[in-house]
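Enquirer: From TrEMBL, for reference:
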- 12-29: transmembrane segment (TRANSMEM)
- 174, 175, 176, 177, 178, 205, 280, 281, 282, 283, 284: substrate binding site (BINDING)
- 247-261: disulfide bond (DISULFID)
- 312, 426: Mn(2+) binding site (BINDING)
- 385-408: disulfide bond (DISULFID)
- 390-492: disulfide bond (DISULFID)
- 430-439: disulfide bond (DISULFID)
């Protein structure tokens, strides 16, 4: 046994301390991913001032640690009633131009992660014939389908008795089931100047008493609801939902043929089979567009701008003001601009300087899919390319649209986009592509409100300022797959091609 000398004792102690220090550093690095991170434009007191390192727009924001979203929160009736106040025939100025509220009640009530309530919603001003149903039986699915089709057939514009003037713009919101996000979007729309001149269209793929109560409680503008009827909520055990006889996603062609599953011969280009939770969004998007532009009698003669939003967006109060400036400026340009983009994924948006800076560039789905706006005339240019939209092997509607706007149209579409001060923000942190993460949309929206209020003098610019082109380095378009199933392609085509019926005996004409 070697002799223990003072030198060896000191050396051994140093080794032990170094090992302990290394373990401590590793633990700190490992725990850093659980620390609170907030996007740069929400971390500072005002947009553009002393931003911290930013995170990608779709990255999850962790506010209270890695809590599991175990509880189901319902929107309180008191919050809904703010949209349901009586509206006189002639609106007073203070109703139209309401100031940004502090919303203490909202912040207190919605601190917890938000999911759709699973109980019938107790909201007396709105009667809904059906409760929210998640575990469906055939009778309930039939009743929900009947209710969807009845609403679609009525084409009823809510609040029409309050607003008799012409519709200036149509704002379209695609809705799934995140009622907390939808509430915040509606609350931001409530404060948009001139929103009472618009028609708000809510397109749903889930029939929910809670969501219906929220939408039908709106009194600050005209409202139209439409429902996508080929939803998983109804077809929960067969196509377009999850048919147990369909192939598992990663089965592979050889095993799928051995299993004899329904769609064995239709994998995508990567060898995977369809997942209905992803394919439904693309179906819903095209169905919604077809109903708006081709099958809506209330919009048949409307030639103005459509603005397209999603349930997890959040808008700035001068949204329509900026849109109208962009429409007017487009007429003076020497180049064609088909799409106006009101939202961007700018990592460091800035409202402290000139908020009227815009650029014109090629439309790219991953940069310009938020807050898009175009007219019926542009839709008429897109329509001939819809077969390519439905055959493109990508489950994302925006990537599929990117494909046809670069490969099918006479020339790539151009967009005018607000450069560093977007009027549409993305606050969605939980949804189809974000799982098992903590989300707090109320906190994010409250921070946005405070930052916008601090820079209120910079809103409503008199004219736009054109900057040089943004140097967008868009990667080569590579389809994401998930759209190889012949049934998906046929269902997609049936929405615009009257000569083609949906697969599996699904009724046409919904």
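Cβ coordinates come from backbone N, Cα and C, glycine included.
All TrEMBL annotations are machine predictions without curation.
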Enquirer: Measuring CB to CB from residue 390 (disulfide bond), give everything in the same chain under 8 Å that is also at least six residues away in sequence.
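Expert: 286, 489, 492, 493 - these are the non-local Cβ neighbours of residue 390 (disulfide bond), listed in sequence order.
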Enquirer: Max Cα distance spanning 174, 175, 176, 177, 178, 205, 280, 281, 282, 283, 284 (substrate binders), Å?
Expert: 19
Enquirer: Checking your reading of the structure: which of the binding-site residues 174, 176, 178, 280, 284, 312 lie inside a 10 Å Cα sphere centred on residue 385 (disulfide bond)?
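Expert: So the list reads none.
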Enquirer: Could you check the binding-site residues 174, 280 and say which one's CB has the fewest neighbouring CB atoms inside 10 Å?
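Expert: Across 174, 280, these binding-site residues, the one with fewest Cβ atoms within 10 Å is 174.
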Enquirer: Using only C-alpha positions, which one of 176, 247, 280, 282, 284 is spatially nearest residue 312 (Mn(2+) binding site)? These are the recorded positions in the record.
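Expert: Ranked by Cα distance from residue 312 (Mn(2+) binding site), first place goes to 176.
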Enquirer: I need the CA-to-CA distance for residue 280 (substrate binding site) versus residue 426 (Mn(2+) binding site), whole Å please.
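Expert: Distance (Cα to Cα, whole Å): 21 Å.
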Enquirer: Going by C-alpha positions, which of the recorded positions (261, 408, 426) is nearest residue 284 (substrate binding site)?
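Expert: It is 426, whose Cα lies nearest.
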Enquirer: Would you kindly give the Cα-Cα distance separating residue 426 (Mn(2+) binding site) and residue 176 (substrate binding site), rounded to the nearest Å?
Expert: 15
